[in-house]
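Reading through the structure tokens given below for one structure.
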Amino acid sequence: MTLMKDSFHGALPPPSEVAKANMDSTREKEEAGLQSVSRTGAVVPRKRAVGRLVMHSMAMFGREFCYAVEAAFVTPVLLSVGLPKNLYSLVWLISPVLGFVLQPVVGSASDNCTCSWGRRRPYILGLGIIMLLGMALYLNGDVMISAFIGERDKQRTWAIVITMLGVVLFDFAADFIDGPIKAYLFDVCSHQDKEKGLHYHALFTGLGGALGYLTGAVDWGQTVLGYSLISEFQVIFFISALVFIICLTVHLRSIPEVPLLYENEETKFLLEVTESYKYSSIEEEIRNGYLKSTCTEIKAPAEPGKCAVTSRTEDQRRMTLKSLLKTLLSMPSHYRYLCVSHLFGWMAFLSNMLFFTDFMGQVVYQGSPYAPHNSTLYLTYKAGVEMGCWGLCINAISSSVYSYVQKILLPYIGLKGLYFVGYLLFGLSTGLIGLFPNVYSTLALCSLFGVMSSTLYTVPFQLIAEYHREEESLKLQNGEQAVEQGRGKGIDCAALTCMVQLAQIILGVGLGLLVIVAGSVVTVISASTVALIGCCFVAFCVRYVE
């Protein structure tokens, strides 16, 4: 039996009693500030303190720190366990393929998650645990296998399997986690705080990357930790895991989420209404249709005097792959154009970054990785690789600095100007490096890589926030409820993040062959060409909200 509106009103305490309870309850007063509900039904999050936004950004710091460690150590680890060359491409392709296929599914699932802890944080925690597991496997796989298997041939085989599994799991989770983090920010922040939060994300992304590269440059074998643990890889794992766990914990405790909806508990339902939406005005909210949009159905329970709130059905909550693809294909054209521009940007950026240290060793320093390890050519190549790591460190630091410069430039040139400048400067800098390879000029131009990095981490997601804000405003003008139905922020952020995986797939299939044929110089030339094409796409095809 379904309760009618009058029956539901009758089941509620008198407004005077509720008002008195609100006045007496300090906790309710504090929690009521989490977000406010306008009379039109739109949920407007409260302005967040800078400290909360910084805490929220710590996840990006930890993620990028671990990413930098992987970039510095994954190749030596794979070489040390004896991975055959013909399996290299397989290692780098599995993760982006999985991510490209599953990212929208996870985004849609988080949009519809009814966990009492919130919609995004359960997924962020789960992906964080997978990151730690992957890092543990690829940095400690050889030692773990040696402890359980004594036969040398089996040791080598299983060490390769475990290390490859660790790399795939880490890349998969580290790429995946960005979407829920951005959606979490969008859910709990006002429009102004979303912009601030994205800038803090870019700032801490750069700082995390810089410290990660510096951590990889330290000779930990000569330290106390190096003497205490078995190998340098274990020291690196200990430091990386500690940093990531602290950052993830701070992030998850940063800003509370309001659950999508509570199930089958009257007390939780009333708590949601009283604490978050001011219970004294519940009758007005029912008239405005807010509760109708929050709870799909209110059913009379078996026990008199109690009401149970039921969630949407399993069929509604679980989006099938077919309907998910239909949702993605039905995205407005300006969303699809933004995804294409993001794809161009990441193709350009990754084609340069993945092969940059090799470019420094072979083209700038004129060394050879194929020469005997005691030869001058190989030692020269190794020196170039080390200098390339310093260039990547410069890139990470400049990314952090530019995230603040963006805030200054935004009122003057807008998002379109920031987007265009990021692609243009990156295209010009990589082109100059390819045409005039020199140590000092290359290191100087590495600072412009950070402009592109900061742009990719902020501007596209700011545009997503602008699009959603515009859609919500149009709904409110038409008298509709500003609630997520069908395609939400999570799936839009996931679709944007999918472009990173697609870029990795395209580069993994095509760029490797070009490097074999033409050498490492082709990477920076390709990066410059793609960035300049993307520059034109950003200027003429991407839609900007006035």
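Backbone N, Cα and C atoms are what each Cβ position is placed from, and that goes for glycine too.
Residues annotated as region 'Disordered' in TrEMBL: 1-34.
The transmembrane segment annotation in TrEMBL covers 65-83 (among others).
The feature transmembrane segment is assigned by TrEMBL to 89-110 (among others).
What TrEMBL lists as transmembrane segment is 122-139 (among others).
Sequence annotations record features per position, and here TrEMBL assigns transmembrane segment to 159-177 (among others). Long-range Cβ contacts of the transmembrane segment (159-177) within its own chain (Cβ-Cβ under 8 Å, at least 6 residues beyond either end) map to 59, 63, 66-67, 70, 74, 77-78, 81-83, 87, 90-92, 94-96, 98-99, 102-103, 106, 124, 127-128, 130-131, 133-139, 141-142, 144-146, 497, 500-501.
Feature annotation from TrEMBL assigns transmembrane segment to 198-215 (among others).
Here the transmembrane segment (235-252) has long-range neighbours at 55-59, 61-63, 65-66, 69, 73, 121, 124-125, 128, 131-132, 135-136, 139-140, 181, 208, 212, 215-216, 220-221, 223, 225-226, 229, meaning same-chain residues at least 6 beyond its ends whose C-beta is under 8 angstroms from one of its own. Taken from TrEMBL, the feature transmembrane segment covers 235-252 (among others).
TrEMBL lists 343-365 (among others) with the feature transmembrane segment.
The annotation transmembrane segment is assigned in TrEMBL to 385-405 (among others). Long-range Cβ contacts of the transmembrane segment (385-405) within its own chain (Cβ-Cβ under 8 Å, at least 6 residues beyond either end) map to 64, 68, 71-72, 199-200, 202-210, 212-214, 216-217, 353, 356-361, 364-365, 439, 442-443, 446-451, 453-454, 457-458.
Annotated transmembrane segment per TrEMBL: 417-436 (among others), in sequence order.
Tertiary neighbourhood of the transmembrane segment (442-465): same-chain residues 60, 182, 186, 191, 194-195, 198-199, 201-202, 205-206, 335, 338, 341-342, 345-346, 348-349, 352-353, 360, 364, 387, 390-392, 394-403, 406, 415, 418-419, 421-423, 425-426, 428-430, 432-433, 489, 492-493, 496, 531, 542, 544-545, selected by CB-CB distance under 8 Å and a gap of 6+ residues from either end. Residues or ranges marked as transmembrane segment by TrEMBL: 442-465 (among others).
Annotation source TrEMBL lists transmembrane segment at 494-518 (among others).
What TrEMBL lists as transmembrane segment is 524-545 (among others).
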**OP:** Could you give the residue numbers and ranges of same-chain residues that sit at least 6 residues beyond the transmembrane segment (343-365) on either side and whose C-beta is under 8 angstroms from one of its C-beta atoms?
**Re:** 380-385, 387-389, 391-392, 395, 422-423, 426-427, 430, 437-439, 442, 449, 452-453, 455-456, 460, 499-500, 502-504, 506-507, 511, 515, 519-521, 523-524, 526-528, 530-531, 533-534, 537
Original post:
So what's near the transmembrane segment (122-139) in sequence-distant terms, Cβ-Cβ under 8 Å and 6+ beyond its ends?
Top reply: 59, 63, 66, 69-70, 73-74, 77, 106, 109-110, 113, 115, 162-163, 165-174, 176-177, 180-181, 184, 233-234, 236-237, 240-241, 244-245, 248, 251-252
